[in-house]
Amino acid sequence: MNGTEGPNFYVPFSNKTGVVRSPFEYPQYYLAEPWQFSMLAAYMFLLIVLGFPINFLTLYVTVQHKKLRTPLNYILLNLAVADLFMVFGGFTTTLYTSLHGYFVFGPTGCNLEGFFATLGGEIALWSLVVLAIERYVVVCKPMSNFRFGENHAIMGVAFTWVMALACAAPPLVGWSRYIPEGMQCSCGIDYYTLKPEVNNESFVIYMFVVHFTIPMIVIFFCYGQLVFTVKEAAAQQQESATTQKAEKEVTRMVIIMVIAFLICWVPYASVAFYIFTHQGSNFGPIFMTLPAFFAKSSSIYNPVIYIMMNKQFRNCMLTTLCCGKNPLGDDEASTTGSKTETSQVAPA
């Protein structure tokens, strides 16, 4: 084995020289230089400084402006809540541990940090699944006279939390476990060992199949059908130009969110899968640290995409920030905002 396994950790460093110490008790400077730990801390500080204000602002602006409280926006707000979970439950912890060079909060703190990070990532993933299904139903019209209303949005939000908890909670109750990963300053699912005592192998397989592969299949199916339908409708001019433009704008925004999610999380998932399927292989701490910390940047991109691509929300945000006046003088809802207030499908 090219790593060192302890009762509640796995350090990707051979202990032939006897230098490996518990990541809960001693600095891990034999894994990387102190300045590299400082760089991780600086990166986490940047994510906190950017992630908290922009996600909090998303929630606050929506509460302040009634016209933003639409069914589709419930799902988008759910993403902001998930991102705040990651900021408070994960980023602040990792910032502190990186400054110390090891996970100073012990196994209990590791469980909490790993839980919040996993929960936030999974809520984001399943929110994108719900958005993909909503876009598919609204644009592709597989059901006639269907109206995506408030109750559907609430059920969609509840579904994302149930599925996220089904992934994040089991390691807390004995099915798999959370351990420090990479440079041992943040925690995640144990992809490094089989650990039969906690049935780790079965959980990792379950996680990759149910909480990554299936959501990706659903998302790609929905958007594959959606692209085909939009092209067909444009060719046949089945919808008004205003309706087509509005639906295209919303669809484009959601697709960009999916692409951004894939860019952030696929490297992490790929490295984790490689480590799990190549038990005992030789890899350094940076190998897992870089994709893990890159994935954490997902807490920033969703609200940025939403603000940049939703004119109605952008106007409301500027009005809120400028004490009730929009400096751009454009305070009317865009076609996207008015169209998505209640998504409706008429008979094809």
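Backbone N, Cα and C atoms are what each Cβ position is placed from, and that goes for glycine too.
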Quick one: Swiss-Prot says C187 makes a disulfide with which of C110, C140, C222, C264?
C110
Same side of the membrane for N2 and G280, as recorded in Swiss-Prot?
yes
Could you tell me which of these recorded positions, C110, C187, C322, C323, has the greatest number of Cβ atoms within 10 Å of its own Cβ?
C187
I want to verify one value. Collapsing DSSP to three states, which class is C187 (disulfide bond)?
strand
If you count Cβ atoms within 10 Å of each one, which of the recorded positions N2, E201, Q279, K296 comes out on top?
K296
Considering the transmembrane segment (153-173), which listed stretch of 37-61, 74-96, 111-133 counts the most C-beta pairs under 8 Å:
111-133
Proximity verdict for the transmembrane segment (111-133) and the transmembrane segment (37-61), three or more C-beta pairs under 8 Å:
no
I need the CA-to-CA distance for N15 (N-linked glycosylation site) versus N2 (N-linked glycosylation site), whole Å please.
9
Tell me which of the recorded positions N2, E201, Q279, K296, C323 ends up closest to C110 (disulfide bond) in space, Cα to Cα.
K296
